[in-house]
Structure formats: C-alpha cells, structure tokens
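The feature Zn(2+) binding site is assigned by Swiss-Prot to CYS38, CYS41, CYS56, CYS59, with sequence analysis given as support. Per Swiss-Prot, zinc finger is recorded for 38-59.
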Amino acid sequence: MSGTKKVGSAGRFGPRYGLKIRRRVAAVEAKMRQKHVCPVCGRRAVRRISTGIWQCKKCGAIFAGGAYLPVTPAGKVAKRVVE
C-alpha cells in the first residue's frame, strides 16, 4: 500500500494539495476502513462495499449509510425523531 509516515494513505497524492488536506483525507479514510458496529446483529463486522453501501460480514445484512461512515450525524437525528 502506498503511503507516507506523515499522511498515511494520502501519500499517493505526493506533494499535491497541501499537507492539511492530505491529513484530513487520511483521517477520513482511516475511519472508513475500520470495522463498524452492525445495526442488526450488533457485531463489529461492517465493511464498506461501495459509496454509501455497507455490509455486515457476520449476518450478511446490507444497508445504506453515509459515504464514509455507516451512520451519519443527520441519520442519528432522523432516527431519534422517528423513535
């Protein structure tokens, strides 16, 4: 995997775009690639399939979420209003 010590996976951009933006991209990608909690079975086994599409490796549940995280701040508010 390409990367650097300072910006990790955003090292693929080389010197372009500036350090601050590359650090921000690296932080978002790190959050996106970690395992998340499944809303169906509760296990930490959710991975991103595509933009906004998430799948639990344990129970096989496929659901829509945010582009980079399965639960967005707006989604949390909407869920609270519905309940």
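In case you wondered, yes, glycine gets a Cβ from its N, Cα and C as well.
The model shown is predicted, which means the values in this text are computed figures rather than measured ones.
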Within 8 Å of the Cβ centroid of CYS38, CYS41, CYS56, CYS59, the other same-chain residues by Cβ around the recorded Zn(2+) site are PRO39, VAL40, GLY42, ARG43, ALA45, VAL46, LYS57, LYS58, GLY60, ALA61
The answer, for which of the binding-site residues CYS41, CYS56 has its Cβ ringed by the most other Cβ atoms inside 10 Å, is CYS56
For CYS59 (Zn(2+) binding site), the number of neighbouring Cβ atoms whose distance to its own Cβ is within 10 Å equals 13
On average, residues of the zinc finger (38-59) score a pLDDT of 96
